[in-house]
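For reference, the structure is listed below as structure tokens.
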Amino acid sequence: MERHVENNRFRQEPVGGSGFCTRKAGEIGNFRQDSLGKLVAVGVKTLVLQAMTCADVTAAGDAAVKAVVGEERFAMIQSAKLLVVGAGGIGCELLKNLVLSGFREIEVVDLDTIDVSNLNRQFLFRRVHVDRPKSVVAAEAVKQFRPNANIISHHGNVKDPQFGLEFIGKFDVVVNALDNLEARRHVNRLCLAAEKPLLEAGSTGHLGQVTVIRKGETECFECQAKPSQKVYPYCTIRSTPEKPVHCLTWAKNLFDLCFGPEDESNLLADLAAEMRKFQAQESVDGEDAGRRIFAHLFEEDIKKQAQLEDLWSDQRPPPGPLCYEDALKNTERPSTDADKDKLETQKVPSVAGDAQGFVAAVAKMYGERRELIGQSSFSKDDPVAMDFVHCAANLRMQNYRIGRLSRWDAQSIAGSIIPAVASTNAIVAGLEVVQLLHVLQSVGKNMKDSKARTVWVRFPEPSRKKILQPSSLHTPNPDCFVCGSRTARVALRSLEECKIMALAKGCIQGQLGAHKPALYANGSCIFDPEYPEPGEEAEEEGLHPEWSLSQWGLTSGSLLQVEDEGQGWSINLVIREEPDLDEQLYPGGFKVSQWPTQWWLQVEAGAGAGEEAAKDMAEKKRKAEADAAEATAAKKAQLDANTVALDD
Ligand SMILES: Nc1ncnc2c1ncn2[C@@H]1O[C@H](COP(=O)(O)OP(=O)(O)OP(=O)(O)O)[C@@H](O)[C@H]1O
Ligand SMILES: [Zn+2]
């Protein structure tokens, strides 16, 4: 039995009540909460599900669809050019629905290959397809339903440059079936820049959502802040873990620290120099490095932590160091009666197993993965990374007397996994097609006058016994830094200490979702994504990624322009030094907020200076925005000039 999971968490649930429009009889919201099976059977009047009953190919299918939607809509369906992003749980259902609904011009992008764990819910795939690209197999499969459909597949990351503005510009509508925030943010920005409508969808267990985004008319994907990942206080992770999740967070940071690019926002960045020592030699022996890292982290560092008397009490005893040889002797596995029905990965290993597993994972990184050292980052789907994190977290749990975990449980927690439900994906994909029809019919009209809605799938706690809940589309948030004011504030602890590369990576990429941002101050480029690390080439270009913000002449209140050409997105940043920025809440050293004018003024005025200060700030802000607009225009003119020169 394989584990089948997905992590499609994407949006907070609505607060309920206001904002939800009432359902009309016969529309998609007319379901009752009897069961999910009944849900699919009862009240289904949608085009999608009607078309799905027609398993047979081409003409008969087309005739059935035409009979349901009428000639005019059918012509619209047949000519619409669609881009589907993602061919996983929702994407497979979506592609099948689209071709059975008569759509013929479809391109699909997916970066992944088929894993055996996908087969229980991604019904276009079979065991023989394992390891083949999802986009290619999905396109082949749905073409069998409708051989007259023109389906083009792309095996690649939608963030790659070939899927930029020009590519997106070819389509009438983009339909997302993704599972992660970064890719969604990226496609959102591309669609805004290319002025193409976007259908956004996601599911988490029994919850799902579909919504419509059209520039200037509806909220974009980033108009509302997304629930951010839970942040644990730095000292809990670094010194006083109490729960397995604290140790797993530590281990994920450790993996990135050991095998990823330099990152000052890593919670264990203070260990970087020591870890680099283990990697310093040209031909590091992986096993040896593993044992030395083991001794450093689980024995020596723990001894030091145990000596910090202030941290420990009777309720919280100091951690116990673990030496490698002793760990190898501890071969007993904690087992229960229930264990006999479990898979091996569902059982907790012995401490010896964890110690050997840790060293083996390090050895693999230095063996078959050697050329990826310095470029890797933790993924729950990467077996070597997951082995490393599971064993490292368990060894730390042993240090701190916290109950260790099976690999299964470690993977669930480390990947924030909520099991995928195939029915939810099917419902969400069906709703996407319904909304797609509304969007196509709204071309040239105001979105407000269309039937397009955000629709929530809520189970097992539906609102007023309705599992499907439509709500009106919201107008854009004027303060949104992506589609609205385009100005954000970043507070940082120290301009003196913060390097420009840390700002670009930790804050502008990590928190603001930029893909490859270039940073400008006073019209000059101070960070170029082509030269993200210090080196001779960067220096030749007059760039110094390792310089601090004060070395670049920035002061509290300075204005920066961020340009992300790949995303067709730009933003103005006002930076502000806040030495008291809470270290626990903002371990990366940055706090980002949008530019809600009133709030800014209140904070500044509230700091004591009264109305005068408020006026002063308003004037400063006006000037800052004018400067920003001017600088952006100057940069654009410069870019245009460059383009002409190159073309010549
Ligand atoms: N940046 C991206 N570019 C292209 N495709 C992407 C990108 N990010 C995610 N995807 C694709 O989106 C799909 C999402 O599908 P789904 O949520 O079912 O995830 P999964 O990877 O198939 O399942 P699981 O994560 O549970 O193993 C995946 O096929 C994934 O490869
Ligand atoms: Zn927005």
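Glycine too: its Cβ is placed from the backbone N, Cα and C atoms.
Those TrEMBL annotations? Automatic predictions, nothing curated.
Annotation comment: TrEMBL describes 67-454 as domain 'THIF-type NAD/FAD binding fold'.
Counting every protein chain shown, the Cβ of D110 (ATP binding site) has 28 other Cβ atoms within 10 Å. Following the DSSP three-state reduction, the secondary structure of D110 (ATP binding site) is strand. Residues or ranges marked as ATP binding site in TrEMBL: 86-91, D110, 118-121, K134, 179-184.
Cβ neighbours of C483 (Zn(2+) binding site) (same chain, under 8 Å, six or more residues apart in sequence): L192, K215, G216, C220, E222, C223, P476, N477. Taken from TrEMBL, the feature Zn(2+) binding site applies to C220, C223, C480, C483.
In three-state terms derived from DSSP, C235 (active site, glycyl thioester intermediate) belongs to a helical segment. Under the heading active site, glycyl thioester intermediate, TrEMBL lists C235.
Taken from TrEMBL, the feature domain 'Ubiquitin-activating enzyme SCCH' covers 354-408.
Annotation comment: TrEMBL describes 495-581 as domain 'Ubiquitin/SUMO-activating enzyme ubiquitin-like'. Taken residue by residue, the domain 'Ubiquitin/SUMO-activating enzyme ubiquitin-like' (495-581) breaks down under DSSP into 15 helix, 25 strand, 47 coil.
Among the recorded positions G86, D110, N120, D179, C235, C483, residues whose Cβ is positioned under 6 Å from ligand 2 are identified as C483.
The domain 'Ubiquitin-activating enzyme SCCH' (354-408): residue composition by secondary structure is 35 helix, 0 strand, 20 coil, according to DSSP. Taking a Cβ distance under 6 Å to any atom of ligand 1 as the criterion, the binding-site residues G86, D179, C220 reduce to G86, D179. DSSP assigns D179 (ATP binding site) to coil, not to a helix or a strand. Note on proximity: of the recorded positions G89, D110, E182, C235, the one nearest C480 (Zn(2+) binding site) is E182, by Cα distance. A Cα-Cα distance of 38 Å separates G86 (ATP binding site) from C235 (active site, glycyl thioester intermediate). Surrounding the centroid of the Cβ atoms of C220, C223, C480, C483, where the record places Zn(2+), the chain contributes additional residues within 8 Å, namely L192, E219, F221, E222, P476, N477, V482, G484.
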